[in-house]
Amino acid sequence: MKINDTLPLEYRTEENSNKIFGFWLFLGAEIVLFSTLFAVYFTLWNRTGNGPTGKELFEVGGVIWETFLLLTSSFTCGLGIHAMRLGLKKPMMIFFVVTLLMGLGFLGIEITEFVNYVHEGATLQTSAFLSSLFVLLGTHGLHVTMGILWGAGILIQVGRQGFTDETANKSFIFSLYWHFLDVVWIFIFSFVYLKGLM
Amino acid sequence: MARLFPIRHVMGYIFSLVLSLVALGVIYWDLTFSAAMVILIISALIQASLQLVLFMHIGETSSKKTLYLNIAYAVFVGVATIFGTLFAMIWGY
Amino acid sequence: MKWDEFFVTGEPMIYAADVSIVLVSLAIVIGLTYFKKWGYLWREWLTTVDHKKIGIMYILSALIMLFRGGVDALLMRAQLATPDSKFLDAQHYNEIFTTHGVIMILFMAMPFVIGMMNVVVPLQIGARDVAFPRLNAVSFWMFFMGAMLFNISFVIGGSPDAGWSAYFPLASLEFSPTVGNNYYSLALQISGIGTLMTGVNFIVTILKMRAPGMKLMRMPMFTWSVLITNVIILFAFPVLTVALALMMFDRVFGSQFFTMANGGMDMLWANLFWVWGHPEVYIVILPAFGIFSDIISTFSKKNLYGYKSMVVSMVAISVLSFLVWAHHFYTMGQGAMVNGFFSITTMAIAVPTGVKIFNWLFTLRKGKISFTSPMLYAMGFIPIFTIGGVTGVMLAMASADYQYHNTMFLVAHFHYVLIPGTVFGVLAGMHYWFPKMFGFRLNERLAKTAFWLIIVGFNVAFMPLFFLGLNGMTRRMYTYSASTGYGPLNMIATIGALILAVGFVVLCYNFFYSFRHSPRNEGGDPWDARTLEWSTPSPVPVYNFAKVPVVHSEDAFWHAKKHNVPLYEEGPYEEIHMPNNSGQPFILGVIMFFLGFFLVFSWFIPAIIAGVGVIIMLAVRSFERDHGYHIPPKEIAATEQKLRGDTV
């Protein structure tokens, strides 16, 4: 097994370094996936049929909270990795727990928002605009959900085993994923909500 | 305690909050559509780069050229898909 | 869903299929039990993470799917042979051309190509396996279960019937009320995710796991083509993932993406489908180009002419392939600007392809050519593919396309591209690398007989379609009247299809014949070839290379043979680290199959349970601590002694 000591723990074995590289490639695919969803949304956003428009539907309050939570969780996630590289297990775990909790908070607001939309008669079936909105936001929300489950699994492993080649590698890859979800949210925030409210 | 909060991360975080606030401005300031879009696009792109460079450490290994190329190719396909779709389905009539 | 609609009824062909499925399944179960092979099957194949075995399973599945798709083709040709034929009704004909297209592209061409990659690429770059062997097994089982899900639609619930491109509004719930198109969206989704993971896996493998000294510009051309192909897979397949998900949402959850009311836009489906669909064409054709490059160079005894221009043209193709998709629907009604743009990009893509054709011709020039069966396929490919390419440029001209659009001319064009390109490519590759996989060559006489039947049959079957198309026969029409005058040419085409079918029978018979009669002691390099995979013994030991080869030039093995440079450094063997087998990928595949099946019929409670099953499998994998095993040097020495009769 080739060991490279000049890099942080998560890169040390060739296999783990390849995993990080492979995950970056996967994020490339994710960029295309979300771009396609944006393409659909931009094509359909003013085809509202008999349903409400974005301007009638969106409320800026919840969205600001969602953005704040996700930005902050991305920050704490980065701090977690920083703590990991310093070899500090407890701070790393605290940062990750905070990250996941804020992820849960984000999901809570998003679900409330969806429920409100449905109460106002804006459902997946109402119009092409709403279909594309729900699927774009839902795909991001599903990613966040999977991220929370995944991150919780990694936290358990770090708690049990401490920082090993493997747990460090998994934590780092998770952080890439989490930051990426934040990037996607920035685009949703700007081009779905803000552009819609303009 | 201070070493748990490296300056790069803190600055990145503050900068991303500021950029979000700037973007938020488009719904309160009285702007033309194109001016607002320019603000949204620029602030979103800076935010994305911040995450990539400061938080995701894209440039920290010897494969960084490949990683940048990967992101560039993905963005190329994404942009081609978005604008090509709009071109073929909406603008092109 | 009423229970009497669950099984497809009313057609003798369906009942025959029911009976044969039951009989074949019984035969497999009884055979495995009788010969006590359950354990062998599980240990050696279902749980394997070895790229060579996974590759063989891909190729085997592709051959079975080739048979299924080929039968579909013969049924269509039988129906069209004579005017006003009553052999198939319209509905049945629709289902058959749909499944023919889907199966041939996604469940035959794709796995065949991916199978070739699996078997060959790690060997060509001097690696012990792919970067993520376990993920590779997951990819295979996702593909396989997707293929099975698609195939059972024939007897349970009904096949999709809206064409392989499944255009809306025809594919919507309103106009296709059976579950057929649910099968389409879910089966393709499952296998598509597998393909996406293959994309990640092979890019990492090729970029990170090459033997020391093998710079990018020293890689064999097949490896280059696979790298470019996987880049296209990585960025094209997410679009398909989204398109299929939206289709499923429309059909299963009543969303309004592609509907005709409430703001839906039916042609948006066509747009998304071809954003993926056109790169997909290059995904199946580029590896074939790579195979031909290696074969032509080997059997001309020359290095490949214009190596750099080959690479540059493939990179150009990969970029351009994302900018041409709207040429599939020039007649939608968009303006001249759109058609002009896509017309120009489409014609531009013919340039790098032309460069490649000339490179192959110049490689042949003054070469010492030996006409082996792989070489015959390569030589047949060049002229026939050129016809396909030139007619493609005709179709690329938007204004002229209004005349050809959706006629038999188009059908002839893409068969002229895909059969000599992809099918000849993978068949050539199969004959070429067969000794590497199984330790013996296919019988040359039978292989050449099959080749001549296939190439003659192919031209007789598809050349008439160009003229039928120009005469106005549209694609997908299930019958025509005698007064159209289409009868004679159609009859000729059907005769050609039969010759083609006989060719494939000979090709398959050759497996059995060669298994019994081919000599087994031809060594690792029966073709006197040029690249690293031929430096290993055949069949290849599980660890591929006892020592990692050191590469000094392009065509490393040829260089080593001609200049007497050792490929391997002196010294004792070192311990080799190998991944363990695992049943998880297979189990995950089975769960995905059921998840897909339940969603097809909108059985949400079972679907949720299956979905939880998927998450549990992911968690099990995350918590697993499996560090593989090590092969000790003594065992390596013994294996090498046995396989090579000496020490390296």
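Residue numbering: from 1, along the chain as shown.
Including glycine, each Cβ sits where the backbone N, Cα and C put it.
What TrEMBL records for this protein:
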- C:36-552: domain 'Cytochrome oxidase subunit I profile' (DOMAIN)
- C:12-35: transmembrane segment (TRANSMEM)
- C:56-76: transmembrane segment (TRANSMEM)
- C:96-123: transmembrane segment (TRANSMEM)
- C:135-156: transmembrane segment (TRANSMEM)
- C:227-249: transmembrane segment (TRANSMEM)
- C:311-330: transmembrane segment (TRANSMEM)
- C:342-364: transmembrane segment (TRANSMEM)
- C:376-398: transmembrane segment (TRANSMEM)
- C:410-434: transmembrane segment (TRANSMEM)
- C:446-469: transmembrane segment (TRANSMEM)
- C:489-512: transmembrane segment (TRANSMEM)
- C:586-619: transmembrane segment (TRANSMEM)
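Residues 288, 292, 295-296, 299, 327, 330, 336, 339-340, 342-343, 346-347, 350, 353-354, 357, 360-361, 404, 409-410, 412-421, 424-425, 427-428, 431, 448, 451, 455, 458-459, 466 of the same chain sit 6 or more residues outside the transmembrane segment (C:376-398) yet have a Cβ under 8 Å from a Cβ within it. Within the chain carrying the transmembrane segment (C:96-123), a Cβ under 8 angstroms from the stretch's Cβ atoms is held by residues 51-52, 54-59, 61-63, 65-66, 68-69, 72-73, 75-76, 88, 129-130, 136, 139, 143, 146-147, 150-151, 153-154, 159-166, 180, 184, 188, 191, 195, 198, 202, 205-206, 209, 222-223, 226, 229-230, 280, 283-284, 287-288, 291, 418, 422-423, 426, 429-430, 433, 436-437, 476, 532-533, 536, 540, 544, all 6 or more beyond its ends. Distant neighbours of the transmembrane segment (C:227-249): 113, 117, 166, 168, 171, 181-182, 184-186, 188-189, 192-193, 195-196, 198-200, 202-203, 206-207, 219, 255, 257-258, 269, 272-273, 275-276, 279-280, 282-283, 286-287, 314-315, 317-318, 321-322, 599; these residues of the same chain sit at least 6 beyond its ends, with a Cβ under 8 Å from one of its Cβ atoms. Only pairs six or more apart in sequence are counted, and the transmembrane segment (C:12-35) with the transmembrane segment (C:410-434) gives fewer than three Cβ pairs under 8 Å, not enough to call it a contact.
Residues 45, 87-88, 93, 96-97, 99-100, 103-104, 107-109, 111-112, 114-116, 118-119, 140, 143-144, 147, 151, 426, 430, 437, 497-498, 501, 504, 508 of the same chain lie 6 or more positions beyond the ends of the transmembrane segment (C:56-76) yet place their CB under 8 Å from a CB of it. Counting same-chain residues at least six beyond the ends of the transmembrane segment (C:586-619), those with a Cβ under 8 angstroms from any Cβ of the stretch are 1, 46-47, 137-138, 141-142, 144-146, 148-149, 152-153, 157, 179, 182-183, 186-187, 189-190, 248, 252. Per-residue pLDDT, averaged across the domain 'Cytochrome oxidase subunit I profile' (C:36-552), gives 94.
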